[in-house]
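Colleague: First the structure, which I've put down as structure tokens, then a few questions once you've had a look.
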């Protein structure tokens, strides 16, 4: 754990000082450091930890290694909510956009969980395929609405999840995900029990539906807020929990700190690569995560097969 903290600490420190703006030589270097670098780094830490832990919670509840907000349609539902707010009330404050995105993400995740409970799936690989299909339908609806309302460019900007625009005054809503992270730690044992099935949960005196509802709510809150502030971060919740479980097994409570640290490390590495690959321009983090995530996703499917 100490080594992990040191590595993540080094990456976070690098994030503070890597960039095109000369914070040491410029007269307003200290001001720019406070306005841009610190908020961006805080956003990396919060978004990375929250989305990685959301992926782990979804995997525990469904007992499926392939699910996370990107492969269940949760992210697409949050994007649909954000799009509707941008159309109906374009001048609404960020808080309103977050609330609507959280509500639609909750609805979408609930639909996915309800769908899984009503059908019998012969293979675990089918579960993410169902989620991706549901997400594709929602994404198609969003694209159609965006085309009809001349909002396609705004939708495209959202899909290109990036930390480039994170500055002082914009990252603060992400602080809410700290509550999500703490709640996941507190309820870790309940999520583990719920993952063993409704019958087992009932036998040990646990309200299965309440736990699933809690997990759905936490996932929706984190996904909705990260979507509004940062954008789409594909496959983050898929990659990190699987990497951690390969080395540490399936104990949810003991894995949570490692999942959080690995999520922070992965997002920060992708962001640092995005800043330097074609400097002075930046590659959106979502593109790098999508590439890495697609490779890991295929590798997991091949391994399970």
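The backbone N, Cα and C atoms fix where each Cβ goes, and this holds for glycine too.
TrEMBL annotations: computationally assigned, not manually curated.
Not my notes, these are from TrEMBL:
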- 41-61: transmembrane segment (TRANSMEM)
- 73-89: transmembrane segment (TRANSMEM)
- 95-116: transmembrane segment (TRANSMEM)
- 125-145: transmembrane segment (TRANSMEM)
- 151-167: transmembrane segment (TRANSMEM)
- 174-191: transmembrane segment (TRANSMEM)
- 211-244: transmembrane segment (TRANSMEM)
- 256-278: transmembrane segment (TRANSMEM)
- 284-302: transmembrane segment (TRANSMEM)
Colleague: So which residues does the transmembrane segment (151-167) touch in its own chain, when a touch means Cβ under 8 Å and the partner is 6 or more beyond its ends?
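Modeller: Answer is 35-36, 39-40, 43-44, 47, 79, 82-83, 86-87, 142-143, 145, 227, 229-234, 271, 274, 282, 284-287, 289.
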Colleague: Is the transmembrane segment (256-278) in contact with the transmembrane segment (73-89), using at least 3 Cβ pairs under 8 Å (sequence separation of 6 or more) as the test?
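Modeller: Stretch pair does not touch.
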Colleague: Report, as numbers and ranges, every residue of the chain located at least six residues beyond the transmembrane segment (256-278) whose Cβ falls under 8 Å of a Cβ in that stretch; write 'none' if there are none.
Modeller: 1, 4-5, 7-8, 11-12, 14-15, 18-20, 40-41, 44-45, 47-53, 56, 162-163, 181, 184-185, 188, 233, 236, 239-241, 243-244, 248, 284-285, 287-289, 292
Colleague: At a threshold of under 8 Å on Cβ distances, which of 41-61, 174-191, 211-244 pairs most often with the transmembrane segment (284-302)?
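Modeller: Ranking 41-61, 174-191, 211-244 by Cβ pairs under 8 Å to the transmembrane segment (284-302) puts 211-244 first.
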